[in-house]
Amino acid sequence: MEDGEYTLLDYVSSVAAFSSILYYATGWPLVWRVTKRRDTGIISTFPYVALLTNCTVWTLYGKLADNFVLKLVNFVGASHQIVYILVLYYYSKSKRLFNMQLLYSVMFIAGIFSYSYLT
């Protein structure tokens, strides 16, 4: 293969990265609706906390594997989730369950970070 030629794997990788970033942006309509109503209603916060945890761990893996695309895509995803979580937290009337989800997420991430850097 000569320089400048792309393989099927390169194209699939690019499409996967782009579609992942689009997927992470799907929370914006909900954020705008919550901001407009100034209330979260019955919206579950768990998917946003879980996706933040997922993106953070994948970003760490991308760093360990020295994979720029993996780091970039999941950093973008984590950034989106942080914004979503901040908005949902601000407008949430009951923060107890939200706090527990965030605490478990931080503990899980801290455990993964500790394990990956100590071994």
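Backbone N, Cα and C define each Cβ position, glycine as well.
Per TrEMBL, the features are:
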type	residues	note
TRANSMEM	12-31	transmembrane segment
TRANSMEM	43-62	transmembrane segment
TRANSMEM	68-90	transmembrane segment
TRANSMEM	102-118	transmembrane segment
Taking 43-62, 68-90, 102-118 as candidates, which has the most Cβ pairs under 8 Å with the transmembrane segment (12-31)?
68-90
Within-chain partners of the transmembrane segment (43-62) [C-beta distance under 8 Å, separation at least 6 from its ends]:
24, 27, 30, 34, 68-72, 74-75, 77-78, 81-82, 84-85, 88-89, 92, 97-98, 101-102, 105, 108-109, 112-113, 116
